[in-house]
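Engineer: Following this message is one structure expressed as structure tokens.
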Amino acid sequence: MMSENTSVSPTGGITPLQQMLASGTGALFTSLFVTPLDVVKIRLQAQRTPFSKGKCFVYCNGLMDHLYVCQNGSSCTAWYKAPTRFTGTLDAFVKITRYEGIRSLWSGLPPTLVMAVPATVIYFTTYDQLQDYLRCRMGRQGAHIPLVAGALARLGAVTVISPLELIRTKMQSRPLSYRELRVCIQSSVAQDGWLSLWRGWGPTVLRDVPFSALYWFNYELVKEWLCRQSRLDKATFMVSFTAGAVSGTVAAVLTLPFDVVKTQRQIELGDMETLRVAASKSSSTWLLLRRIRAESGTRGLFAGFLPRVIKVAPACAIMISTYEFGKSFFQKLNQERQLSSL
């Protein structure tokens with residue numbers, strides 16, 4: 001399904017390889033546009049409550065989470081601890097650009113891109129392929145098809161990427177050669193079994209799969225409604241952008257409790273790898289949700305509401321509109337090639 005294929009998809013009119021190129025471009029643009037928002041947020045946060053050495057925080061550009069280790073090991077540069085003082089978000093943008101250079105707004109981007117681009121390519125291409133397949137088998141009018149295809153595509157992407165996330169966390173904890181990394185992974189597998197490579201898979205699935213199902217279901221509904229209101233036969237860039245922002249916001253709000261749990265689990269995993277802290281008594285996601293609610297109330301389950309929406313809404317909007325634009329470009333290119341060959 002994911003391999004290069006010269007046959008076009010029945011509804012998209014483009015090949016899987018072209019879908020992969022469109023989604024990869026979308027992931028790149030999304031990261032470039034949204035990462036500065038998170039860099040500024042982390043710099044403001046570090047200014048208020050400095051991160052202690054060896055501890056971890058979760059850096060997320062709205063498209064991909066990235067566990068960052070605070071000044072632990074020679075490979076970690078403390079970009080979040082620069083001495084510049086800020087009075088607010090706009091002031092941070094201006095001062096970082098003026099005193100540290102504009103490139104500082106994209107600090108920490110390369111390791112995020114290494115994970116975000118392949119994960120997004122797998123996810124979006126699988127979604128389109130599944131949607132084409134389900135529409136062929138069940139008919140084009142099935143309203144539930146985006147929901148099913150979105151959930152299955154995200155499940156597949158998370159399962160493929162989870163071991164790479166664990167490997168990245170190990171490499172961040174201290175400088176490792178590839179040989180040392182292989183030995184480290186082999187010892188982990190020997191001690192805890194192959195399933196240890198998917199540690200943290202459960203909370204990720206509980207957050208990302210419902211998000212994906214809700215996102216695609218709402219995206220298709222909002223896009224269709226906007227097209228009807230504007231009397232358009234096909235979605236424009238702005239229609240896709242708006243539908244992506246709306247559906248991303250709705251999905252982000254509804255799955256926020258699982259995001260809170262996922263963040264806690266990620267930081268625990270980072271502490272285990274970097275500080276050699278023994279694993280705390282494991283508890284299920286549901287028990288963790290109940291514990292957070294008991295300690296902090298219902299509001300605790302929705303901690304970080306505004307930062308998550310501020311990142312996820314534009315990330316979803318940029319990603320889907322760029323992806324749809326890329327697909328339209330390849331559709332026109334394929335049509336022109338077909339006409340020229342006649």
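Using the three backbone atoms N, Cα and C, a Cβ is placed for every residue, glycine included.
A TrEMBL annotation is a machine prediction, not a hand-curated record.
What you are looking at is a predicted structure, and each value in this text was computed from that prediction instead of being measured.
This is the feature table in TrEMBL:
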type: REPEAT; residues: 14-133; note: repeat 'Solcar'
type: REPEAT; residues: 141-225; note: repeat 'Solcar'
type: REPEAT; residues: 235-329; note: repeat 'Solcar'
type: TRANSMEM; residues: 20-40; note: transmembrane segment
type: TRANSMEM; residues: 105-125; note: transmembrane segment
type: TRANSMEM; residues: 145-167; note: transmembrane segment
type: TRANSMEM; residues: 235-258; note: transmembrane segment
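Distances, neighbours, how buried they are, the whole picture for these features please.
Structural biologist: Across the repeat 'Solcar' (14-133), the model assigns an average pLDDT of 81.
Only residues 6 or more beyond the boundaries of the transmembrane segment (105-125), in the same chain, are considered here, and those with a CB under 8 A from a CB of the stretch are 2, 16, 19-20, 22-24, 26-28, 30-32, 35-36, 39-40, 59, 61, 63-64, 66, 68, 79-80, 93, 96-97, 153-154, 156-157, 160-161, 164-165, 168, 212, 319, 323.
If you look at the transmembrane segment (145-167), the same-chain residues 6 or more away from its ends with a CB under 8 A from one of its CBs are 115, 118-119, 122-124, 126-127, 130-131, 134-135, 138, 181, 185, 197-201, 204-205, 208-217, 219-220, 269.
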Engineer: Per DSSP, what is the residue tally for the repeat 'Solcar' (14-133) in helix, strand and coil?
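Structural biologist: Computed counts for the repeat 'Solcar' (14-133) are 78 helix, 10 strand, 32 coil.
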Engineer: How does the repeat 'Solcar' (235-329) divide up by DSSP, counting helix, then strand, then coil residues?
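Structural biologist: For the repeat 'Solcar' (235-329), the helix, strand and coil counts are 78 helix, 0 strand, 17 coil.
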